[in-house]
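Q: Submitted below is the structure of interest, expressed as structure tokens.
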Ligand SMILES: Cc1cc(=O)oc2cc(NC(=O)[C@H](Cc3ccccc3)NC(=O)[C@H](C)NC(=O)[C@H](C)N)ccc12
Ligand SMILES: [Ca+2]
């Protein structure tokens, strides 16, 4: 028997046991086959020196590679059937099963689990308080069971990162400013009818079509653009728009202008338990997808189970081998800080930013905030080294160079794991954006949530895979981190070439386009 447990955080109030007939939806992640072959294939399709470069797999080919063995499928199916569970959906790759069942059946299926109702700020959830067990013969066929334990994050004040307007004249970052800084001309807009890009939203964040239309009517006058999202996959909730969703949609459609845009809307309670599971399940089941997806969400690595992160990472590989680029925001908390005990802190990496199979985007600000000047580090820019994923070969030499040259200015070695996946991969402006939300133009919105769709839109224009010299190197400024005696609020600093705050730098569009076109495989 294998036991898995949970500690319910104090801000949730227990309001009683779940009724035996209460319905639950659990996700079973079945063990896949050939993960090492998938990884190798991803390396080859991404390597310009390989004969396989750019030769992406179809969803059917991915399915043939990773589909769980007959034994795994039969064992899990008969275990569920034995407990009377028949209401299940699978995916094309047959490596996930989503099943609906009563609390009574779930407790019999997973001995030790005891489902309870918890409430907080008007939100109500059902979770298992105790650890649950899975018998050995089934456990070896599962990566994890989702939907039991993870809690929705604490809702933060919607205005927490909005800086106060102090009365100075400041126009802030708009599509025109971005297009100027990153050298996008009026001709740099999408023209390929088949090109598509996407943003994914979670945690009840919705964009509003009227906000997008108003944003484009105010800020989109100088370039050809679309003012409507082409497809919403999932449910668009009613009511107020979310700042994250508004920012993502408005800015991916400003740099990736005139390109058909989709929104994956992963709403509701279930998704907030494992925010990325529902979305990745959708991707792994759709054969025809946009090539670029941006996601401005993440969680501290230490708040997630290793099994969950490993499996999501494999799902990212499945996307990569199909030629799908996933861009994640690096987070807005600098290196982060985890208190390990009295006077003992370490930095706190964020997932999925720390996955080696996504492109992670950090943040910068203008040197002179009132001018389109060169960029320096935005101190909030997430970055550092994963404690879960080892450093992939493709970044070893760049990171070694950074660690060697920056030795004197580096934080103490006990704060970070130099053998982990280093991030971000690149950066873009993250300070003082204009966003239209609930029909009102809002200034001074900041975060790597802004820089990520900006880069995503440009990649959609280029739709390539590898970065050449097409980036502005960021060499000034440091990120924030633990406010303790040893590091005194200072994390990593940017430096010439790659650094763990701004990656390889911010996009210089024509140079990036040229670099990527030069590396295109013969079609
Ligand atoms: C209201 C507001 C004003 C502003 O100026 O900035 C800003 C930013 C954000 N969004 C975020 O700060 C982050 C970015 C991020 C965090 C962690 C990892 C990657 C990206 N996004 C979120 O907080 C997102 C909505 N929630 C989560 O990722 C949760 C914590 N798992 C929001 C609002 C404002
Ligand atoms: Ca740099």
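Placement of Cβ uses the backbone N, Cα and C atoms for every residue, glycine included.
The shown structure was predicted, so the numbers you read here are calculated from the model rather than taken from an experiment.
What TrEMBL records for this protein is below:
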ACT_SITE  244  active site, charge relay system
ACT_SITE  248  active site, charge relay system
ACT_SITE  449  active site, charge relay system
DOMAIN    172-519  domain 'Peptidase S53'
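Give me the lay of the land around each of these features.
A: Its Cβ taken as reference, residue 244 (active site, charge relay system) is surrounded by 25 other Cβ atoms within 10 Å in the chains shown.
DSSP assigns residue 248 (active site, charge relay system) to a helical segment in the three-state reduction.
Around residue 449 (active site, charge relay system), taking its Cβ as the centre, 27 other Cβ atoms fall within 10 Å, counting all chains.
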Q: So how many other Cβ atoms are close to residue 248 (active site, charge relay system), meaning within 10 Å of its Cβ?
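A: Total other Cβ atoms inside 10 Å, all chains included: 31.
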Q: Quick check: in three-state DSSP terms, what is residue 449 (active site, charge relay system)?
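A: SS state of residue 449 (active site, charge relay system) = helix.
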Q: To the nearest Å, how far is the Cα of residue 248 (active site, charge relay system) from the Cα of residue 449 (active site, charge relay system)?
A: 7
